[in-house]
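Written out below as structure tokens is the structure these notes cover.
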Amino acid sequence: DATRGLTSLADTFEHVIEELLDEQQAIQPSKENKDADLYSSRVMLSSQVPLEPPLLFLLEEYKNYLDAANMSMRVRRHSDPARRGELSVCDSTSEWVTAAEKKTAVDMSGATVTVLEKVPVPKGQLKQYFYETKCNSKGYTKEGCRGIDKRYWNSQCRTTQSYVRALTMDNKKRVGWRFIRIDTSCVCTLT
């Protein structure tokens with residue numbers, strides 16, 4: 001009976017997570033909802049350093065865990081990354097970075113802007129935090145991408161950037177919300 005209760009709870013969590021993930025994918029910007037594409041799970045306003053990765057990253061991890069839990073033992077054993085030797089092509093690290101550490105960034109027009117450390121809110125100020133992912137220079141892939149035949153290809157792990165919305169100040173001292181580039185992934189490039 002306790003097992004049925006846990007299964008029911010897991011099914012409920014899985015259902016909620018699927019709804020959240022489906023809802024995120026279903027958001028399409030329209031005239032009524034111009035700001036839908038402005039939200040990013042990689043930016044957080046908080047009075048203290050976030051202790052966990054962004055919620056959507058955790059939800060996706062949990063969903064993958066639930067999917068694995070629903071497999072038969074044989075299927076699970078063969079899908080286990082340790083058994084298949086599954087590794088990322090490039091090693092990366094992710095961490096929360098403050099605006100104080102970031103100081104400046106490039107906006108969508110290519111201009112360098114100052115990233116403001118604090119955002120005014122009705123009851124004080126909150127700090128801006130950015131969840132950045134970049135290539136790990138101390139990892140095993142600093143000499144090239146994992147799994148690429150060096151006899152035929154030159155490869156390199158390279159940090160790529162995406163745009164997120166942040167409170168910034170331009171060189172004319174105008175403060176506003178702008179899209180800025182932050183490090184968001186580590187990819188393999190071939191030359």
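The backbone N, Cα and C atoms fix where each Cβ goes, and this holds for glycine too.
TrEMBL: automatically predicted annotations, no manual curation.
What TrEMBL records for 82-189 is domain 'Nerve growth factor-related'.
Under 8 Å, Cβ to Cβ, and six or more positions away along its own chain, Cys90 (disulfide bond) finds Cys135, Gly139, Thr141, Cys145, Arg146, Cys157, Cys186, Val187, Cys188. If you look up TrEMBL, you'll see Cys90-Cys157 (among others) marked as disulfide bond.
Annotated disulfide bond per TrEMBL: Cys135-Cys186 (among others), in sequence order. Secondary structure at Cys135 (disulfide bond), as computed by DSSP, is strand. In this view, Cys135 (disulfide bond) is surrounded by 22 other Cβ atoms within 10 Å of its Cβ, with every protein chain counted.
According to TrEMBL, the feature disulfide bond maps to Cys145-Cys188 (among others). Annotation note: Cys145 (disulfide bond) sits in a coil segment as assigned by DSSP.
It is Cys188, among the disulfide-bonded residues Cys145, Cys157, Cys186, Cys188, whose Cβ has the fewest other Cβ atoms within 10 Å in the structure shown.
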